[in-house]
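As structure tokens, the structure follows; a few thoughts come after it.
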Amino acid sequence: MNKTAANNQRIMPIVKDAFRIHANPFPWKKAIGSGFASGFPVLVGALAGHTDYGLIASIGGFVYLYAGGESYKKRALKLLLVSIGIALSFGLGTLLSGMLWMMAAVLGLIGAAAMFIFSALGIQGPAPMFFVLAFLVSSGLPADPSQALFRAGLTFLGGIFAMGIALIGWLWNKHGPEGAVLQKTYHQLAACLSAVGTPGFHNAQHQTVLMLRTARQTVLGKGNRRKKSRHDERFFRLLEKADDIFIAIIHFSAETPDRETAQIEKALRQTGDMLANARVFNTFQINENESEPRRKLFEEINEVLYIASGRFDKQLDGEPSRLPSSFYFLRNAFDWKSPVLIRALKYGIVLFAADMFALAFGFARSYWIPLSAAAVMLGTTVVFTLHRAIQRSAGTVIGVILAGAILFFKPGGVYIAFCIAALQCLLEMLIVRNYALAVPFLTANALVITESMHGGAGAGYFMIARLTDVAVGSVIGLLGTMLLWRRFSTKRLPELVRNVIRLEGQFMEKLLTGQIADEHKLRVSLVRLRDAYDKALGEFPHANADALWPAISGAQHLGYYLLSAQAHRRPSAPFSDEEINQLRAFFEQAEQSFIMKRMPADIQVPHVPHYPRISKELSALYSGLRTAFEK
């Protein structure tokens, strides 16, 4: 009885999390655009007397879902490549229809390749989902290899149409995406500032770093080969200042928040709200008796208000920096230690196994099994995958009933077009609140499209078959996540912590000897460590990764304070060789503690008079290591 109660205590929070409603605003524009991109090709096909052609083109309409917050130039290139990829997937599905082994192998390859590319480049969205759907749907059509090019062409046209809808905002606001991402960035900076002195500061700090990275990817290009416009100049400066303000907030976080902190937070939010317009803002008056961290934060805020007003004369010599090429990220991710490569391999293997299982056992419309596995496998950990499986199973029941009700009346082409548009619109409206709310419309939409292509089966048979397929596919996806590289992130944690501690030791030594350290390398390592820790918490079986949090938290805090210290460098006092050796010994002991999984030996924690906050964080790291590994 006690064991059953314990199991219930573990399972119930997972189920509750799976159905938790998020208070996100409804994305009206994206929902309407998505519905139009999917439904209009079917309407055109129906009016032309070829509903089947319109249905094939509507698969390309899913390209619209890959539009993110990037600039219009980057969005055009991305959606063009996605259109080509989905069209190729549809064509390959037609060519390989009926070739059991080849179909499964190519499906796994498509899924793995798409997952690898999207993850390595950090592209948000459905990732490989619609590449997989295009291949599977086309493989279920009547086998006719001679139609491969024609069907791929229709899919590509649907994708180009969807791309046009996604780019239409360029006509009246060419810099809309850049302004939107900077608004979010300054709102996140305000949230980070408001979290100072609270238990949520560490998480707010991490979320701000991720938001700054997204802003850089949106605003910056691969170079600066042409003259910048006034808009570009303003965005580059605001991006630079966002980074400076984040470092200033870290510097300021050593102080106790007061009423004035709330005023600064309000100013940051207002700045974000008004970034779309060059409007004059009132700046803060800085008192002579302000503390250095507070004065620095005021100065950075005033500069942002000045730039946001459009009042700057001297042009930047170039962009704040250049983004590395896409090949740089792909090359770095192609490594056995890379979570990106492992996730892609896991995805491809499970798709191959699911398709082989479905084909070997002769399931009607066998593609629903690997398609369900593909949807479930989008979860990054076992817990998230279990969430997806629960959400998909519950939502599919409603979705199948809804699709059955629509198809029961055998609607004509025009009505099918309106149904697809409405279902897709509702799907995009609700998915931001909870995936479970969107699954009924996702399932119904996919069923209406695919069953309208095939037809033939009775409503009762079709409903039972789809429910069975989704259940089997979800189980295969969940098993794949639980069995393949199931503790990959947990095993990486010691190496990642050791790397962060080593970089912090090198960084601090350069800081104290008047040299310039590599900020980018340390910041990337801090983000990777936190990402691996979050994933380790969701792995199965649970490895008590949360017990390591005191040490990981100490390393994270120290890293960000070191970044702040370099940005607000003070005149360095002479640091003797003996003190440098003591510092090295401390960091070596900290590294060994994590690698050997034991408490660090009794050692004197270095004291740095010019940086009292760093001295405090060194003590916190030492205490965190002792807490994490105490017996």
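Glycine is no exception: its Cβ is also placed from the backbone N, Cα and C atoms.
Of the listed segments 42-62, 231-251, Swiss-Prot assigns transmembrane segment to 42-62. Tertiary neighbourhood of the transmembrane segment (366-386): same-chain residues 14, 18, 107, 111, 126-129, 132-133, 136-137, 139-140, 343, 346-347, 350-351, 354-355, 357-359, 392, 446, 465-466, 469-474, 476-478, 480-482, 486, 489, 535, 537-540, selected by CB-CB distance under 8 Å and a gap of 6+ residues from either end. Against the transmembrane segment (398-418), stretch 42-62 shows more Cβ pairs under 8 Å than any other of 42-62, 106-128, 152-172, 344-364, 464-484. Non-local neighbours of the transmembrane segment (152-172) in the same chain are 33, 36-38, 40-41, 53, 56-64, 67, 72, 75-76, 79-80, 82-84, 86-88, 90-91, 94, 134; each lies 6+ residues outside the stretch with a CB under 8 Å from one of its CB atoms. Long-range contacts of the transmembrane segment (464-484) within its own chain (CB-CB distance under 8 A, at least 6 residues past either end) are made by residues 345-346, 349-350, 353-354, 357-358, 363-366, 368-377, 379, 381-382, 385-386, 388-389, 392-393, 396-397, 400, 403, 443, 447, 457, 540. Contact count against the transmembrane segment (106-128) (Cβ pairs under 8 Å) is highest for 344-364, out of 42-62, 76-96, 344-364, 429-449.
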